[in-house]
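A.B. asks: When I checked Swiss-Prot for this same protein, it listed these features:
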type	residues	note
BINDING	7, 8, 9, 10, 11, 12, 13, 14	ATP binding site
């Protein structure tokens, strides 16, 4: 089984992944994009943490390189091992669209399909959404921002809107959860969905 957690930075994906892992401590493989492979860790550093400045187009292709490597080394084995992944191609498309480069969504979908071995994976998607005010509060309390988060609140809210649209366009039946609520209530909904 393959489970993707989606949502912008600060919605609680990591918290919910840890809660799910603690309940089902069978051998789930927990992974993430970017950074779920050795190459991915290096790309994550360039994309999110380094002072290295790259163009938005180069950024898009580095995320795609990470996704292709992650698919080949990790995700394509989800028929043999249960995998929980923090982010998916949905994030890749949503963030790329928010960069205001006039990219075509169908081109982005096709590029991501190439990175994913030619098709969208059969998976369960959990989409955590948050209000602008709660996101502001959470990000302010966290304090430490990566290069993407530094683009600001409006940018992240635009990404969240893009994610909703991508799920509709691709007809992905994601479990959409209001991340403004109680952590334990959110966890209950996720647990029920994953069963």
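Backbone N, Cα and C atoms are what each Cβ position is placed from, and that goes for glycine too.
Keep in mind that this is a model prediction, so the values were computed, not measured.
How buried are these features, and what lies next to them?
C.D. replies: In the three-state DSSP assignment, the secondary structure recorded for residue 8 (ATP binding site) is coil.
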A.B. asks: Given the ATP site residues 7, 8, 9, 10, 11, 12, 13, 14, which other residues of that chain have a Cβ within 8 Å of the mean position of their Cβ atoms, reported in sequence order?
C.D. replies: 128, 130, 179
A.B. asks: To see if you understand the setup: which same-chain residues, six or more apart in sequence, place their Cβ under 8 Å from that of residue 7 (ATP binding site)?
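C.D. replies: Those within reach of residue 7 (ATP binding site), by Cβ under 8 Å and sequence separation of 6 or more, are 13, 127, 128, 129, 130, 160, 163, 179.
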A.B. asks: What is the Cβ neighbour count of residue 14 (ATP binding site) at a 10 Å cut-off, with all protein chains included?
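C.D. replies: Other Cβ atoms found within 10 Å: 13.
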A.B. asks: Looking only at 8, 9, 10, 12, 13, which of these binding-site residues has the biggest number of Cβ atoms within 10 Å around its Cβ?
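C.D. replies: It comes out as 8.
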